[in-house]
Amino acid sequence: MALSPGELELIRSALGREPTEVEYALFRSHWSEHCSYKSTRMWLRRLPSKAPWVVRGPGTDAPLVEIAEGLYATFKIESHNHPSAVDPYNGAATGVGGIIRDILTVGARPIALLVNLHFGPPSHPHARWIAVNVIRGISDYGNRVGVPVVGGETWFHEDFTYTPIVLATCVGIVEKDGVPPGGAEPGDLIIVAGLGADKSGLGGSAFASKTLSEEAEEDLGAVQVADPLMGKKLIDLVREARSCVKFIKDLGGGGLATALAELAEWFQLGVVAELDKIHMADREMGPAEVLTSETQERMVFVTSPSKLECLERLLEKFEVPYSIVGRFTAEGRVVLKWRGEVVGDLPLSLVAKAPETPWPQEPYAPPPLPHVPEPPIEKAIDAVLSSPNVAFKQAIYERFDFDVGVRTVLKPGEGDAAVLKIYERGNLGLAVKGDANPRFTYLNPRLGAANAFIKAYRNVAVVGGRPLAAVDSINVGSPSRPSAYWQFVEAVEGLREAAEALGVPIVGGKVSLYNEYKGKPVAPTVAVVVLGVVEDVSKVNKAVWKEGDGVYVWGVTKDEVGGSEYLHRVHGLVAGQPPSIDYSVEKELAAVVRKWAGRLTGAKDVGLGGLAAALAKMAAASGIGADIDICKAPSTTARLDYLLFSESNGRFIAAGEEGPGTRVGAAGGDYFTLRCGSTIVYKRKVEELAELMSLKI
């Protein structure tokens, strides 16, 4: 994507001349939407990011959150939507590789991956091809570098048939004294380590800053190629190199162009780079191509001349190719050389930030919720439970190695969030979960984004975690489309409101624009990943019950079926408003779960598919039936279908000898039975239920 006429004029005016080919390439990459956030950063600054436990927030490759004395967690989310649409395998694999390298930049050990995936209907051949290969790419890369994929979420929606939303989150831990010190001074060296530069991924950031067309093959060259073997070498290298370096940076989107510009800006120093010194896999490359190549599995290390030998020794030990490509200066300019000749000389003040570009906004009104007839309840329950969105996702996560690293306490499907043991601090654990609901954010972007936040918050709370911090990913269409830009702005406001109300700072995130196919934008998708601390992993809650347990519902069900799975699956409607949020109730819910820690057999959040889906999932996961009087659940609705399928917030199910909330029945036997008083409204064998709720892909 070319620079805009206004941007070109700004560059010419500042330089007093035409930019050189290499300078133009730098601006084209670094000022792309993908790298510069020029259309979004003025809004993202509104998000709360500070708290006493936040050591480092947004602005660098990875944040740091203190989880225990002298121990930090880091987590980061990344989107790889455009590459995954064109080359699903490599698009997904390189997304995983890139997010792992972000975590490495703070010296952390990557301990887990989560994926939030949004595909077209599994019955559609093209959507299925994308889904199968995205899953394969994630699995192959994660398994080969030894980082477990421990959880996530998968959505199916017609809008994602040709334009998937593929999000990867990596979690890492690092001791306080293991974080590179940061800082740089004139004379410090810039080293590029990893694969040799080649033409794979050329223009990747510009590619991610435009919409997709039917001629996707022409963009294949903009998709990077993954190399998990080198990715594993970089993980091992960073583990030992922390004492040899001052600063580490991923060499990702925008290539060396963005890396050099960001390093110069962070340290407010000039840079001199000799582009011909970089090691190349393709010796036919010119300086502009070297500068903007997005070859994967590469990192930048900043070190002092006195520590160079220390770093070189480790690079050779792990057989990682490297080049000394530049140094910092006091001049405040970015100088680029090729075979001794200056091919670019730019003031840092011009390079650092693309001019902000706000766009017009245009609100829209979603379809109001019409009166819908009450359907045959048994058929409606079967329809909701068999929905690909509600179904168990074994067909996906069984392809992942979720046990490698032996930290996984709650595996995919066992609870509402993944739980990881932090052996470095006894029984301490981390709980982490990502959530999104594209229907909610279509109907009301602000309330939908807040719902994504509260759902992830509640999932972490229900397994026994204390939510600490969040990262987000906002995925919408072209910012030049007023309705899409309005969706983005409203989503930011929803995230801000939720973060402030819950006291959970947003420490990082990712915005992906231009998610369109043939001029049609996807449903706006806002994913939120919440990370929390579990004080004792032996007391976490699985989403199960045992024979003889009482079953309890905490929280009130309201007439809230707007945007629900029930409304879509049974009535074919996407209409109304997402569920309302009472943040005081959500915080009370989190406190109640922690109060009951170690005394429950299990617990589960009530969300997608309502009480019917949550109760059925606990039965199927346990392999044990239950007899539930659904009409005993606290509610303000007079309709049985709304009671069963409302997706009201502020609710969870508990199982145990005793439990919080209202007792609605007991677990036991081979049948899952729902009744209203003496009237049975649904009855199925548990083994039939498990089959009904299994995803086929």
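Heads up, the Cβ atoms here are built off N, Cα and C, so glycines get one too.
Together with Ser79, His80, Asn81, His82, Arg101, Glu294, Thr295, Gln296, Ser512, the substrate site in Swiss-Prot holds one more listed residue from Gln224, Gln361, which is Gln224. Lys76 is the residue from Lys76, Lys433, Lys546 that Swiss-Prot records in the ATP site together with Tyr37, Asp472, Gly509.
Between the CA atoms of Asp250 (Mg(2+) 2 binding site) and Arg101 (substrate binding site) there is a gap of 6 Å.
Taking the Cα of Gly509 (ATP binding site) as the reference point, the closest of the recorded positions His34, Glu294, Gln296 is His34.
Once Cβ contacts within 10 Å are tallied over all protein chains shown, the binding-site residues Asp102, Asp472 are led by Asp472.
Shown are the binding-site residues Glu78, Asp250, Glu294; of these, the residue with the fewest other Cβ atoms within 10 Å is Asp250.
For the recorded positions His34, Lys76, His80, Arg101, counting C-beta atoms within 10 A of each C-beta gives the highest total at His80.
The two recorded residues, Glu78 (Mg(2+) 1 binding site) and Gln296 (substrate binding site), have Cα atoms 15 Å apart. In the three-state DSSP classification, Asp102 (Mg(2+) 2 binding site) falls within a helix.
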